[in-house]
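Data block below; observations after.
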């Protein structure tokens with residue numbers, strides 16, 4: 001039986017950040033990676049499709065870095081169960097590993113849906129997924145992506161950049177429904193249409209048989225936390241594993257971070273949040289006293305020259321005031337509550353979006369404001 005001081009389940013952004021944070025504080029770290037590769041930059045998977053990059057091009061660190069820092073990476077393995085009482089993790093192979101501190105950074109898994117008329121359905125979550133999509137796009141000659149979120153739009157652009165036509169189908173009226181209001185979503189749809197990314201809205205896939213049968217069909221309809229292996233434990237969970245500001249779970253010496261973690265009801269699934277949570281978990285597993293403060297989600301999309309930044313909860317916001325501006329190449333929306341910007345989105349000007357995010361982060365007050373220009377002039 002193997003043993004380790006810190007065992008990290010997962011080698012994505014949160015898992016790698018946890019391992020990196022523990023360097024110099026713990027000399028015995030083991031990472032479990034379900035894939036056969038060393039940790040890599042998952043956000044760069046589109047480059048495998050668009051730019052013919054290889055796994056070596058997107059690795060976070062080469063093998064010698066792990067050897068130098070005494071970090072063991074066990075590949076092609078994943079946890080099937082945890083025994084917190086005896087501090088044991090059982091892997092798919094049946095091997096058991098004893099730990100002193102456990103960090104669960106198992107990430108998420110792609111949501112799967114049934115698509116009528118599709119013989120095979122793909123999703124992009126791993127390097128091997130990217131290779132399969134790349135090959136199928138060549139075979140079919142075109143791609144049809146179901147899902148109009150950030151991943152779906154970026155994937156469509158990557159496939160188009162590879163030389164294969166791609167379109168998107170969504171059941172709603174406009175794309176990026178979580179990041180944009182209706183006006184912004186329709187503005188973006190029009191921009192993408194003009195750039196060659198066709199978006200079918202209010203789609204009934206049952207009636208789109210010809211397109212679906214002739215395309216590489218890819219779903220990009222969100223993810224869910226990967227936590228089936230904790231079901232027989234007393235580790236508290238709802239949508240994700242419940243954690244406090246030290247990334248501690250309900251069980252002593254077990255931490256969770258990234259997509260698998262739920263922090264006071266929030267589970268945004270963004271890489272900057274995963275990185276920070278992983279850092280906090282890694283430090284605290286080594287006996288430090290680090291705290292995580294909620295980061296206001298601010299996903300950024302850059303595709304075909306269009307930049308989008310969204311700050312706060314646009315989707316569920318109930319503002320007291322809303323200010324909008326639509327220009328030829330720019331769209332702005334600001335949602336205010338109690339004279340403070342609670343959420344905002346900008347298409348076409350990332351620097352302005354960054355200023356609005358700073359105003360949200362600092363809870364800047366905008367008293368007696370009656371126009372968007374007045375807000376922008378006081379950022």
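For all residues, glycine too, the Cβ spot is worked out from N, Cα and C.
Look at Swiss-Prot and you will find 26-286, 137-216 tagged as disulfide bond, backed by experimental evidence. Sequence annotations record features per position, and here Swiss-Prot assigns FAD binding site to 33, 34, 35, 42, 79, 125, 259 based on experimental evidence.
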Report task. Around the Cβ of residue 33 (FAD binding site), how many other Cβ atoms lie within 10 Å? Please give the count over every shown protein chain. Result -> 22
Report summary line: DSSP says residue 125 (FAD binding site), in three-state terms, is coil
Query raised in the report: Counting every protein chain present, what is the number of Cβ atoms, excluding its own, within 10 Å of the Cβ of residue 125 (FAD binding site)?
Result: 18
**Report entry** Cβ atoms near residue 259 (FAD binding site) (within 10 Å, other residues, all chains)
**Finding:** 29
Query - Cα-to-Cα gap, residue 34 (FAD binding site) vs residue 137 (disulfide bond), nearest whole Å - result: 26
Query raised in the report: 35, 79: which of these binding-site residues has the highest Cβ count within 10 Å of its own Cβ?
Result: 79
Requested in this report: Specify the count of other C-beta atoms within 10 Å of the C-beta of residue 137 (disulfide bond).
Outcome: 23
Requested in this report: Let me know the largest Cα to Cα distance in Å among the FAD-binding residues 33, 34, 35, 42, 79, 125, 259, as an integer.
Outcome: 20
Query raised in the report: So, in DSSP terms, is residue 35 (FAD binding site) helix, strand, or coil?
Result: coil
Query raised in the report: Does anything in the same chain, at least 6 positions from residue 42 (FAD binding site), have a Cβ under 8 Å from its Cβ, and if so what?
Result: 12, 13, 125, 271
Query raised in the report: Given the disulfide-bonded residues 26, 216, which one has the fewest other C-beta atoms within 10 angstroms of its C-beta?
Result: 26
Report summary line: Students should find that the Cα atoms of residue 216 (disulfide bond) and residue 259 (FAD binding site) sit apart, in Å rounded to an integer, by 28
Report summary line: CA pair residue 35 (FAD binding site) / residue 137 (disulfide bond), Å rounded to integer, equals 23
Query raised in the report: Which of the three DSSP-derived classes (helix, strand, coil) applies to residue 216 (disulfide bond)?
Result: strand
Query raised in the report: So, in DSSP terms, is residue 137 (disulfide bond) helix, strand, or coil?
Result: helix
